[in-house]
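Straight from Swiss-Prot, the features:
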| type | residues | note |
| --- | --- | --- |
| BINDING | GLN180, TYR181, ARG182, CYS183, LYS184, ASN212, SER251, LYS280 | 4-amino-2-methyl-5-(diphosphooxymethyl)pyrimidine binding site |
| BINDING | ASP213, ASP232 | Mg(2+) binding site |
| REGION | 1-128 | region 'Unknown' |
| REGION | 63-85 | region 'Disordered' |
| REGION | 129-352 | region 'Thiamine-phosphate synthase' |
Amino acid sequence: MNPTPSETSLDPRVARLIDANLDRAREGLRVVEDWCRFGLEQQDLVVRLKDWRQRLGRLHHDSYKQARSTSTDTGAGLKHPAQLDRHSPDRVVAANCARAQEALRVLEEYGRTIDPALAAEAAAIRYGLYDLEVTCLNATLGARRRNKLKDACLCLITTPCDDLTDRVEAALRNGVGMVQYRCKAGNDRERLQEAQQLRQLCNKFGALLLINDRVDLALAVDADGVHLGQEDMPSEVARDLLGVDRLLGRSTHSIDQVHQAQQEPIDYLGFGPIHSTAVKPERNPVGVELLAKATAISQRPVFAIGGITPANLPALLMAGGQRAAVIGAIMHSEDSGQATRHLLQQLDQATI
């Protein structure tokens, strides 16, 4: 049986060092735990973090606490510019995971000879925290993307054109919060280049970038997600490939498909075509009345799509629609920025 530090000749400097790092580790774990609890609502992560804190607490012996001397600590109160660069939850989580990991490593190194039980516990928790940090940051990124999705009322779906990036940038500059890259023509090298350009633009303006159909292309450019049609791969397969932190959308064209989509691991729906559209001439329009039913049924955001223009958008909003996805209304307009502003003004007025 290993003796507790109080039963051995303990160097007070080492005891003080261990006390400080036990505090650091437990505090860092608590910051991460509270985000997992209140920000992510992931009970499994909360349980693991709380268990780690309590295990360290049981090893925080009085002999360590009695060596504490905050008033004479030459490092107390020191600041670093990096501490100010924590403007989002993911940065706070990353910083506190690093803080806890570093403290645990110190406990492991200094505890080997005087407190082997503490050293072993610190090592086990440190390795567990490496994995939990990735899980937590992915979930945090996913939460941020889903919050952006919740706030997005207008999605721009692209169509091939010579001035693609100029039109998309004009729409982003004027407030569009979500872009879906759609390109059925050309080759993969061209698509990759265009998608990379759109990724940079969406990052610049803080907008979401979704890739139509192509999971591989979305992963290649680090897009925020993928939009699937009814004939595309099952959403369960796409979700396994994308992970939980990216968005997944599904096109629907009937109330039955809307019901089915509620059972799929997706984040939003496209519903339509509301009106006749040159993009899908083979599909009969579903009309605004069916959109009202789809919106009432769905537990996820519904983007109306298909032939939507500033002229017919008011009727869509009167029927209960709250979000729209457009192609021609922006991509074929004389002024993409002005067209975006006009559509957003109508959508914003409907939500006031």
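The backbone N, Cα and C atoms fix where each Cβ goes, glycine too.
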Distance from SER251 (4-amino-2-methyl-5-(diphosphooxymethyl)pyrimidine binding site) back to ASP232 (Mg(2+) binding site), taken between C-alpha atoms, in Å: 10
Number of Cβ atoms other than its own within 10 Å, given for SER251 (4-amino-2-methyl-5-(diphosphooxymethyl)pyrimidine binding site): 22
TYR181 (4-amino-2-methyl-5-(diphosphooxymethyl)pyrimidine binding site) - helix vs strand vs coil (DSSP): strand
Cβ neighbours of LYS280 (4-amino-2-methyl-5-(diphosphooxymethyl)pyrimidine binding site) where a neighbour is any other Cβ within 10 Å: 17
Counts by DSSP class (helix H/G/I, strand E/B, coil) across the region 'Unknown' (1-128): 97 helix, 0 strand, 31 coil
Residues near ARG182 (4-amino-2-methyl-5-(diphosphooxymethyl)pyrimidine binding site) in space but at least six apart in sequence (CB under 8 A): ILE157, THR158, THR159, ASN212, ILE327
ASP213 (Mg(2+) binding site) to TYR181 (4-amino-2-methyl-5-(diphosphooxymethyl)pyrimidine binding site) - Cα separation in whole Å: 9
For SER251 (4-amino-2-methyl-5-(diphosphooxymethyl)pyrimidine binding site): DSSP state (helix, strand, coil): strand
Secondary-structure category, per DSSP, in which ASP213 (Mg(2+) binding site) falls: coil
Among GLN180, ASN212, which are binding-site residues, the residue with the most C-beta atoms within 10 angstroms of its C-beta: GLN180
Distant-in-sequence Cβ neighbours of TYR181 (4-amino-2-methyl-5-(diphosphooxymethyl)pyrimidine binding site), under 8 Å, six or more positions away: THR158, GLU194, ALA195, LEU198, LEU209, LEU210, ILE211, ASN212, ALA223
